[in-house]
Every structure is written in structure tokens, then in C-alpha cells.
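Below is one structure, written out as C-alpha cells, with a few remarks after it.
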């Protein structure tokens, strides 16, 4: 049944909708444009002007985590699927990128002291004498760029189809994704001949001949990263504003009702999870490019859970909040751990608890409650929509 | 695979591997039991479970140093005192945490996960600040060391026996408490229908608090017992958390019997695989099998088919 | 501290300066005053690359994990490095400049090491960095040191397979640690069969590979088992059963971290008596015994280049100074001592080069000798590793080691050993 | 369509698929050995309004759950327009034309009334379709039309959680209506309503049940008498009696277990 049967009374009501304008569904509300411009301005203009190259590169690194947080907003905030294994996708994306870069850095020339020149150094140390088959595709840059997304998404697809078709959800999903993160970490560490083991894939140099270690390359990569992030935000915004976004919210609340409205709930969850995985993968690839290596320490449970807190601090329903939350937590981490290393874990722990108990809507909630009203008292023209009322259980419609 | 061993060796292998599996089984049950109560009965995801265990281990460590310095005569018996104190300490901390944190979050299980993760970070740093970042070595009374030779090639570890005994006692105790006692009846009543339980005069808040405390207390005992076989440091607790959750989930969260069955199957699989494969691969395969089975049978091993 | 100074500065080459510094060490008040210019060359001459060097100060970074899982291991190293720097300052500093420390926390997280390394080099312009502990953290930070031409003193015994212009390796590479001790166990105990067990990552695997080649090709022995467990694994009963069945002459162990503790406790509980069963480990120092418990590991043999119980005047002074600074209860392990070497080796190289410039310091480093090293005489090799002795020691219930063997000669570092790859 | 004709097939007549909109035969489901629904058969004609009554625990809701696929049958068959439903997924059953209202109002609190109705609009039900779904005039008109029917045209932009209980029930009915199902299943549509709301609901139901078959569970006998074409009485998972309200009311078996109290 793809189109509704029209009923006889319809014609008499034709005119009714024309009078109503409020349920228009613009791609972005004015306040969201303001948020976007603010974010874009800070990332693309203010920070590059204010920060030196070193700090800017740091921010670039943080912003790669923001991709993961962004995915979590869709997958956790909207669809209600808490994944404790986002590091898996971040890592897979990063590893795909790192494999390409490593192959380029392991030219026969660069590796002539090895017993088998032309393969990555760690393979040589492990008596591997030819490049394994799954490394072969990473000789090609276009194929690598494809695989950066495709591998994590395919993995996410397999996991999520298997689980959502059987209606594994909520806490069980969280625990199983966590176990998957643990398994993958052990596997990567254990198969060091193929993966570089616990050291990861290090000493990456050039991307298609372009030296990514130079200061100018870092700046360019920073802007590419920022641009991609804004692009992903817009993509997420599109999803959020589409009917799919509302279905995700609906599903989180009344899964059965959505099912009995004729939707395949599993399909939508799979989509949300795969989208989050794709975002994470882009972040991972950008991480590899900017930091210059990838290691199993991003795949495990601890980084995966830390990434959840970025989204939670920003406000789990807020796309922009995810970015601000990521930046805030990481800045805090860097500056705190520089001055009071011992206190940092107390602070981080307290942050987890506070975000859950006191500020379930995170930064986005504070912004909406305290900043926006004041902003609009001054500039009334900006605010055609009333501030949405926050529900008691902390899941605002942004 | 078997060619390297003689027949007599093979039979010893099976006996000793069986015993190794049995120890692992006890360890898993002990780890998972507290969590099975907290997660299975209350629906709270306690990511700080490992830190409650380590609290028990630290209590044992402090006890051992105290007895060594002040009551050396009673040192051989200190372990029992330590276990009791570990139970009390972890249980008391658990009740405090329930009061301050968990009780606000009963309707938001995923949020308990985040909050207790935060708690685990705080506890780790607290251990580090108070006791120090290094691992501490816990002295054991001599009677708990060594092994009893059964035959020439078969020996039985005393501390292994001790862990098995502790596990048996605790498991029976919990089973009696939950299924036979008045408090257990109250727990089950509150967990199956909170408002109805409240209406018939059960103090549900108190029951929640004691249940959570009980789960944490058992974690403390587990931690105390683990000082015999494992390490005690600020972050040691994190080593256990994935395994523990998988055991509980695999068993079917609401069932103690399921937890035991799941601990049994996982431990036997792992110890058998460990013997024939490398340790890393054994671990990966075991976890993979558990995850795969959970994907096929998400309700776990032992869950009643119920009307949704 | 003044007493230490007069002993330690014997490594200085200029008798004139030695005399001068001795006098200053005796007069702490004077030592606190700005260094008179005649003692030091002008800053513009000794620092041509924009490092953080003033007329009175030179900045050196310390980059280890103060938090996270590795803090357990790295704390001792940080303490040793700070002790060495304090002693150098007491002696009058380097080229007449006091060393100022900037300490950063790698937080047991490899990218953080890279990030902080970059901060130390790019923002703080550190003349040298004492840092890193795990191979993974070094691998992460190494490209940063190479890119920004920094200088890293790396203290940990490690798997080798690396040689960087920008790193001085003050710990042993794998062959230095392993070969001599295997020779010893083969000769002393007549060992022919070996069972290897390690944590599953690059250092144990590489070390075991080298050991296996040596056992099979040189000692004509056999390896009857080689097992790896994930980091953090705590259940070793299965592998212990295998060991019981294989009855190897030697258990060769390189298990690390929390697993280490579990392994030895379970070994002991399983009735394997280390006074009868030879166990050779390359991963247990006095630091680890603290967690394992002396009773559980007594009788095992550890191969290192340094033990706290070494009997020589240098070491006795080092141990005393260390305990004075960090407390009576602290223990010192191999890496702690190697960490202590870093600042001194750097100081000597700077003074030999007459400059803080990294290129000049690097060029001056090979051939630097440190006669006052607690482990005894060490010398920097062309390949940036140290010539040092290998020692085998037996663990005592007290948590200390009793040295039972010391290689007669300094062993040449060979990070890319031919025939062992 | 001839809505007024009452079918007269007696209980247990084998199904001739063409004649019935819904044919339930030998339906059984057991939970751990307890047969919640035990060999239930009944047949619903096109345009028929069928009410299922029975004491608590008789298996009424379970029957609806089985039809809409929420619970899988242990044995038996459910044929809807000749199509076997027991093999289909829930969403396929809905797309075939079966709508279901739950006992407690099941609406999306965080969304507005408009959005609630929009989600139920039967277009863009695939992932891709939902992504590209446009809120065009057809959608708007249809939503406003439904909103008027369910007395909520002034609340379209209100978040659903702020509606009164009765309004929530209506909204859910509206969400069903917008799908235009041929078989509408309502689980206690007037439960928990004020008298005024109840009257309005009865009016609403009378309006919307035109032109479709309706399967209703209800305890309110007055309401049942008002709307039922035929009544099926369930007791302990089995069909106890079936027929017009008058006939069922006088059935001694029914009187004994149910109405007699």
C-alpha cells in the first residue's frame, strides 16, 4: 500500500491546510542556521587565526572524534541505540587509511634494508614475505577511499542486521557492541604480522606523494577535516529533518507503534547504526591523516565509552552540541592533565555522573534554556518558533 | 594434536584441565553473581562492578598487612576476616552509591551505564591516590599455598579448591536468600511489580538499596578471593568487566541458574580451547562464540518464554 | 646530595670545571646564584636552533604516563630522571645552565604521547626529552621527534628493530638481554628444552623469536611450547598444565602487567616449585615483584642489566640518593636505572659537543662513556644503544634479587641481529 | 459495498477464503505450556464489526497480538483476504491492510500531533522512502482531514504528551485511520475515558468503521451493544460462544462464566 485511498470528505477540507503555516518543515530553522554559522565560523575562521600550528593540529584531532559523537547523536540520541563499540568503526576507518599510507611509505626503496623489501616493516619483522591479500586493495587510493567507508559500514551492517532482526536492543546491544570492541582489540593486537599489533601502523608519510607531515599539509588537512565535519553535520541535519528522523524518535519511544504503522523497525535501526558507523569511519580516516598513525588503542572499550560522553556532554539530541561537547571535553582533558594529572580522572568521572544526573540535555540544553531566550529578547525577528519545552526524561526535540 | 602425549599423560591432561576449567568456572560464577543480581534483578548496568571487586581486594590487602603487623598469631585465619570485611565494605559503598546515584536512574538503564562508568573512573583514581598506582601483593597464609598431589602427574591446587568452596557457599547462600527468605521474596516482588509491591507494604526503596548493596558486597568477596590468583591494582577491575557482563547476558539476565550454566559453558569452552590453541585465539574464539550465540538467541541460555 | 655530586662528576672531562663545580656544590647558596658568564659560553653560540636555552637555564622535557595503566611502571622512571636532573643541577648544570623540567603526562595513551611530544618540541623547544616507556608510545612519538629534530632518551629494554638518529636507547635491545642469559642457563643448568610464555604483543613475540633462534641454532636445544595470552589475561591454569606435561628444563617467561601477577601466583599455587623448576624471565624487575609478592616468585631467574642489589659503590650511592629523595620504601628496577642514565648521557654529549644543538649532540653521543652508572660502566654505541653487561639474578622472598651471573664483557647492542630475524 | 448485511455463517464452518475478510482457524499459542489461546476459530466478513468479549485472561488481547504478528502462533492459521498472515512480518501485515490500536494509548510523546499523524501516513515506509519523503499538499490535506475527524485540528502543533487521555486515544485512532486499513483492530478504545469523551469516541468509531471490518475488544457492554454486528466470547483461551449480542447474552454458558456475575 503505497498511496492512501482518498476518502469522500477530502475535498471539503482542501482549503484547511493552506491557513496553517506552523507545521512547515524547513531544512533548518533560523536558530539552526545561527548555530551552524557559529560553528563554521569558530572551526574555519576563529581557531585557525587564534591558534598556532600545534594547537590547531590538536583541535583537528579532537574534531575527528566529533564525527563519532555526531554519529552517536543520530544512533543513540535519536534512535535510542547506545553503541559502546563506536571505536571499532573509528578504528576500521582509520586502519583502512593507514594501510594505504603504510604501503606508500613502504616502497621498495624505503624498505631496502628489510629481508623482503616493499612490505610494511612490521610484516618483515614477523617473517611475512609477501603482502597478504587483504592489503592488496590498499595500493589504490580511490579504492582505499571507498573502503574507508565500506568496510566499517559493512561490518556495522552485519552486526546490526543480525541483532536488530532479532530485536536485540537497549542494554543488550550496548554490552554486545562492547564485547565486539574487546574481541577486535585482542585480534588486532594478536595478529601483529598483519596489523602492526599493539604499536599499530606507524610512521606514515605521504598521501599519493603529498607529504602529510609538513606544517602546511597539517593546516590543509585541518580545513579538509573541518569541511567534512560540517558536511556530515548537514547530512545528519537532513536525516534528522526527514521523516526518517522523526521515525527514529518515534521508534525510540514506541517501537511497537512504529512497527504497527507498517515500518520495518529493524531496517531503520540498521540505517541509523550504519550511518553512525560511516561518520565514525570518516573521523578515523581523518585521524590517521592528521596524527600520522593508527593503533588498536582506539578500537577498545575505553575510547568507545569516552566518545559517548562527548555526545552526552554536548546534548545527546544536538548535532552541534556533539561537536562542542567533543571540543570541550578534550580541551578540559588536555589542560587539566597538563596541570593536575591526578585530578583529571576525578573530573572526567564527575562529568559522566553530572551529565546523567543534572544535565541530561548537556550543553545544548543549557544553551536552549539560558542563552537562546536572551538572544531572542534582543533579536526577536530571529525567532519564529517558540523554544520547545523540554520533556521530563530529557529527550528534547532540537 | 594428541600424538605428543602418552595415554597416561592424556588422562592426566583431562583431569587437570577439568580441574582448571572448574576453577575458571568458580571464578566466573563469583564474578558474575553480584552482577547477575544487580543487572538481572534490578536492570542496572553497573560498569563499576570491577571497581567494587577491587575494593574487596584492597580490603584484603589492608587486612593482611594489619594482621602481619599486629596479630601475626592469627595470620593463618585472616583471610576469613578479610572476606567478611570485603563484603561489608563493598556492600556499604554499594548502598551509598545506590542512594546517591542509582535510585535516580531506575527508568533509564542506559544512563546507569554512563553514570557507573563515571563512578568507576572516580574509584580508580581514588585507589591510585590513596593506595598508590602500583599493584600490591597480598600475602597469603601458608596453608593456602601449594597443591595436593593426587597421583604422580595429577595435582590439585589448594587455593583453587578454596575458590571453588567459596563460590559454592556464596552461590548457595544467594540462592537461599533469593528463593527461600523473606527478603528474597521482597526482592522478587519489587522486581516483578514495583508499584504492587509498594502497595502491599514493601519498602521498595529499602529493598532496592539492600539488593544493590548485596550485589556489590558479593563483588567485594569475589575481589577478596581473586587476590589469590590475580593482580590487585587501581585498574585491575577493568580486566573483568567484559567477561562478567557477557556471562550474565549469555545466561539470560534474570536467572541465577542461567548465570551458573553460562559461566560453566564459557569456562569449559575457554579452558579446553586454551589447551589446544594459543591463549589469545582461545579467548577470541570463546568471545566470538558467545556473541554469535547471543545474536541467534538474544534472550540468552535460560529465559522463560514470556508473553510480551 | 653534595657527597653524591663529588662522586658523580667524575664523568666530567675538564678537571678545572670539576674543581670549580665541587666548590659550588659545597656552597649551595652560591650555586643558586646566576651562573657567572665565564663558566658558560654565550647562549647564541651553544644554541643555534632556537631551543629553550637561556644564559642560566635549559629546558628538558619528561614525558611519561603519570596516569592510566602504565603509571605503575613509569613512576619509577620519572623519579629516577628527576633525581638525575637534580643531581646535575647540584653539580652546576649543563654548560653552566640549570636544567628546568617540563613534565607532561602521556596518560598511558599512545596518541597522547605523540601530542605531548609535539608540545614539548614545538611549543616548549625542549633541548632533550626523557620519555616513553612502552614500545607503542615510542613508536607513536618517534615520527614527531624525527620531524621536529628532537632528542629522546628512551629508557626501556625493548624488542630492537629500530635505530633512529633522534633517539638514544638507554635500555637493552632484545639480544643484549636474552642471548647471554640463555647461554648461562644452558651452561649452568644444562637446559635443553624451553617452554615460552608471553603476553600477546610485539615485545614478547620478538624476544621469543630471538630466543627460539638462539636455542635452536646455537644451543641446539628445543622449544617445546610457545604461548601467548592477551594483555590483562588472568587465567593461566591451562598453560600451567601444559608446562607440567611438557616438563621443560626452562620456562622462559615474558608476561607483563597484571597478567604477570596472576601468572606467578597461579604457578606457585599449582605446585611448580621455582627452586626446582628453572624459570627465566625477561619481564620481572623489582617493581613487578612488588605486585607479585616475593614469596610467589622466589627462585625465578630474571635477566636484566641492573638490579637494585648490585654491589658497587656507584649503585650504593644511587640507591641511597634515590631513597632519600623518594622514600625508603621505593624499589628500583632495571628501567628506573636506565632512566637515570638519560640526563647524564645527554649532559656529557652536550658538553662534548659544546652545544645544545640536537645535531651536534647526536654527533657527539657515540663513544660517550658513563663510568659512574649504577649498573657500572656504559658506553654509547654508534647505533645509539648502550654497550652494557647482562646479568642474571635469582628472585628472593624479600622482593630483591641476588645476582648469580654477570657477563664478563660489555655486550654490543645489535638492534637488527643477523640470523635472528 | 454492502455494509449492512449481517453474515449468518455458524461457528466452525470451514473457511471459504473468498467470502471472508479474515479467517482464523485452529489458532493456538502456548507460553511455557500454558495455552493462552487454544484452538480458536472465527471468521470476519467484509464490513463486519466484530466485538470480542470475555473475562480477564480469556486471551482476547493475545488473539489480536497473533493476528497482527506481535506474537507468533504455535499452530493454526490466520488468513486475511486469502493471504496467510502467520508467515508475515508485522510491517507486512500492516501494509496488507490490518491496523491495530493498543490497549494503552500508544503515541509518540516527543512529536507533535501533526508529526504523529504524518508518521502513520502510508507512504515512504522504506528507509529510502522515509529519507526522501516530502511533506506535500496531499500529506497535509490528509492530515488535516483526519485531525478534523478526531477532534484535534486545533492541536496539530502541540506535542502529543500534553494531550488529555481521551485525546491521546483519538490520536491513536487517527493514526490508524490515516493508514486506511481494511481491517481495524481496537483494543478497549473507550477504556479510561470520561463520559463526555466516551460519547464522542462512540460517535467517532461509528463514523470511522464505515467501509471496513473492525475487530474490537471491549468490556463496556453498553458500547458493545451499540456497535457490534456480532460478538465472539472467549473464555480461558477458547471460543465459548458466538453470534449476535442478543443470542450471546442468552447463551447459558456465557451467562454462567461472564455475564452472570
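Glycine residues also receive a Cβ, built from the backbone N, Cα and C atoms like all the rest.
Remember, TrEMBL labels are computer predictions, not curated facts.
Annotated features, as they stand in TrEMBL:
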type	residues	note
TRANSMEM	B:12-40	transmembrane segment
TRANSMEM	B:52-71	transmembrane segment
TRANSMEM	B:77-101	transmembrane segment
TRANSMEM	B:158-179	transmembrane segment
TRANSMEM	B:212-233	transmembrane segment
TRANSMEM	B:239-263	transmembrane segment
TRANSMEM	B:275-296	transmembrane segment
Can you tell me which of B:12-40, B:77-101, B:158-179, B:212-233, B:239-263 gets the most C-beta pairs within less than 8 Å of the transmembrane segment (B:275-296)? B:239-263
Chain residues in Cβ proximity to the transmembrane segment (B:52-71) (below 8 Å; excluding those fewer than six residues from its ends, i.e. six or more beyond): 31, 34, 46, 78-79, 81-83, 85-87, 89-90, 93-94, 123, 127, 131, 136, 138-140, 216, 219-224, 226-227, 232-234, 236-237, 240
Maximum Cβ pairs under 8 Å to the transmembrane segment (B:77-101) - stretch from the list B:12-40, B:158-179, B:212-233: B:212-233
May I ask which of the stretches B:12-40, B:212-233, B:239-263 has the most CB pairs under 8 A with the transmembrane segment (B:158-179)? B:12-40
For the transmembrane segment (B:239-263), the distant same-chain contacts (Cβ-Cβ under 8 Å, at least six residues beyond its ends) come to 25, 28-29, 31-33, 35-36, 39-41, 45, 47, 49-50, 53, 171, 174-175, 178, 230, 287, 290-291, 293-294, 299-303
